[in-house]
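Accompanying notes for the structure given below.
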Ligand SMILES: NC(=O)c1ccc[n+]([C@@H]2O[C@H](COP(=O)([O-])OP(=O)(O)OC[C@H]3O[C@@H](n4cnc5c(N)ncnc54)[C@H](O)[C@@H]3O)[C@@H](O)[C@H]2O)c1
Ligand SMILES: [Zn+2]
């Protein structure tokens with residue numbers, strides 16, 4: 001795959017995970033997998049700065065503000081932390097620090113990395129006046145009322161050493177005891193349990209009802225003080241003073257004189273951290289001296305004077321009860337192990353994915369085996385190995401079925417493929433449903449208001465079968481179906497109508513042709529522009545398209561040579577769905593701005609902000625959202641924010657007017 005495409009794909013994936021994580025409080029993959037994707041993107045951007053997008057997830061904090069709360073602009077941005085899972089990176093970090101400080105002596109403070117949500121606490125005249133979430137790092141949600149339910153957090157200070165105005169940063173969390181109690185209650189009421197304490201904390205702090213937040217016994221640990229008149233010289237001094245003033249400071253921190261002392265700390269806490277009253281996912285290493293912190297500075301997203309080390313994911317052992325086989329949209333059959341429930345990293349696990357027959361063979365899974373499972377995603381973990389020592393005698397091996405568990409068709413495994421497939425794609429119920437679900441998703445035809453249950457129902461009743469059937473739906477089809485008011489029917493029909501203007505590339509992706517993902521669909525449209533031309537493309541012509549290999553080309557040809565598929569495509573055309581589109585690759589207007597980065601602020605005479613952005617990109621430049629020492633230019637319009645101006649001046653960034661910007665182009 002070409003680098004640019006891989007970068008786009010990564011950005012797309014990461015954005016989706018971020019959205020689920022920060023907006024829905026849901027983890028679709030493990031943090032470790034997520035961090036690996038982000039690290040890959042970061043590396044590619046460093047190697048290919050021309051392709052690096054201004055709003056890349058490597059350049060900004062992942063969260064957002066919500067509409068439910070008043071938003072507050074942070075006086076000091078709330079950043080993220082660089083992280084790593086390996087010790088060598090810590091040694092490299094240490095070397096960078098040593099270099100950055102020109103051989104001056106330095107100390108570290110190690111703390112545990114508490115797994116909750118970042119909060120900012122504003123104090124004025126000895127009183128807590130605000131509690132704010134991190135949000136997008138620049139602005140957060142004002143959740144003062146919820147923050148005030150934290151019992152350990154002093155609302156009034158009786159100490160005179162703190163300045164009139166200051167801010168504390170800390171982690172709000174749900175103690176494991178509250179998490180357990182809430183879940184016991186939920187389960188006994190037949191409700192779904194909360195997935196894990198982190199996501200629960202993030203959801204709870206954003207509740208509208210503070211009384212409910214109070215019932216959940218939330219807690220916090222303070223881990224930093226910020227402000228213009230910080231009376232302390234070091235982080236250590238601030239921790240000691242805050243503790244004296246009754247702030248909740250975890251007693252687990254330690255001062256370390258060298259990176260090897262840091263590594264000792266990491267090893268010591270590896271297991272011991274499981275005895276703490278909250279989840280932790282690693283440790284944070286910070287330079288102790290504030291003046292040195294300042295000299296090391298920040299990147300767009302995180303401080304250069306701190307780094308997080310994250311412990312690799314946790315493992316649990318349990319017994320297999322059975323294996324179920326699930327049929328996917330393309331007919332692929334996936335084995336899923338049903339497990340004796342076990343607690344793993346704060347979640348009760350009942351099922352684990354085994355991926356495919358190869359994986360079953362590799363694990364040599366036998367009935368009643370004890371297996372080790374690891375958190376892949378928060379949703380479904382994976383089996384990593386079998387505890388062979390516990391195997392009894394010669395228990396029978398699990399056999400991959402020969403027939404489709406849904407429709408009974410003999411399964412096929414093509415050469416070079418790991419998966420078994422049910423080829424009865426037109427009549428196997430899970431495939432029919434899966435194809436329609438794929439077609440309506442946001443990245444495809446974006447048909448809102450039509451949920452999975454509705455599709456299941458419509459398919460089961462024989463009302464729809466092919467995707468094109470959606471465009472024949474009318475109110476009458478819902479007659480006699482339970483739970484549909486005319487308003488909801490109307491909404492469904494309207495979003496189906498709206499999908500007729502979705503561009504062809506999304507339609508092509510929505511058809512669900514095997515191996516044709518969103519990016520490949522776009523490449524195809526770029527080359528062929530319409531379904532008519534695509535239909536005429538030979539295998540060789542398809543393979544000639546960048547990124548399209550033999551496997552994809554063959555799968556396309558197979559799909560397009562099937563008269564049934566062509567009939568459905570014709571029906572889509574008749575319904576008015578887009579089957580052609582003119583798109584062109586971005587062509588640079590000029591190269592005057594190559595390698596230069598810009599922040600845009602304020603209002604402009606000649607441009608809308610978006611136009612200015614486009615202009616910069618069209619001339620090879622990069623637009624970033626926040627000011628760092630690496631920034632080349634701040635383009636200042638009317639009414640630009642004073643905070644930005646101040647920061648740019650502080651970092652001696654070149655500030656240019658709109659006219660000066662235009663002059664750069666020539
Ligand atoms: N699984 C997913 O789908 C998914 C999606 C998005 C993000 N994530 C995870 O979220 C994290 C990214 O979020 P992030 O930007 O908040 O970075 P981060 O959580 O790795 O690090 C920054 C945060 O650490 C917290 N922290 C805890 N203890 C601290 C201490 N002692 N000192 C200072 N800070 C401390 C603070 O809240 C701070 O905001 C990554 O670890 C990533 O794995 C996962
Ligand atoms: Zn089948």
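Don't overthink the numbers, they just go from 1 along the chain as shown.
Backbone N, Cα and C define each Cβ position, glycine as well.
Counting Cβ atoms from all protein chains shown, residue 113 (active site, N6-AMP-lysine intermediate) has 22 others lying within 10 Å of its own Cβ. When secondary structure is read from DSSP and collapsed to three states, residue 113 (active site, N6-AMP-lysine intermediate) falls in the strand class. Summarising the annotation, TrEMBL assigns active site, N6-AMP-lysine intermediate to 113.
Within the same chain, residues at least six positions away from residue 81 (NAD(+) binding site) with a Cβ under 8 Å of its Cβ are 284, 302, 303, 306, 307, 308. Mapped onto three states, the DSSP output places residue 81 (NAD(+) binding site) in coil. The NAD(+) binding site feature in TrEMBL is assigned to 31, 32, 33, 34, 35, 80, 81, 111, 134, 171, 286, 310.
The feature Zn(2+) binding site is assigned by TrEMBL to 404, 407, 422, 428. For the recorded site, residue 428 (Zn(2+) binding site), the DSSP three-state label reads coil.
Residue counts of the domain 'BRCT' (588-666) by helix, strand and coil are 26 helix, 16 strand, 37 coil (DSSP-based). Positions annotated as domain 'BRCT' by TrEMBL: 588-666.
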Looking only at the recorded positions 31, 35, 113, 134, residue 407 (Zn(2+) binding site) has its closest CA neighbour at 31
Listed NAD(+)-binding residues 31, 32, 33, 34, 35, 80, 81, 111, 134, 171, 286, 310 - what's their greatest C-alpha to C-alpha distance in Å?
-> 25
Residue 286 (NAD(+) binding site) has its Cβ surrounded, within 10 angstroms, by a count of other Cβ atoms equal to 22
Nearest by Cα to residue 33 (NAD(+) binding site), of the recorded positions 113, 404, 422, 428, is 113
Between the binding-site residues 404, 407, 422, 428, whose Cβ has more other Cβ atoms within 10 Å than any of the rest?
-> 422
Three-state secondary structure, which DSSP defines for residue 422 (Zn(2+) binding site) | coil
Hey, how far is residue 422 (Zn(2+) binding site) from residue 35 (NAD(+) binding site), Cα to Cα, in Å?
-> 35
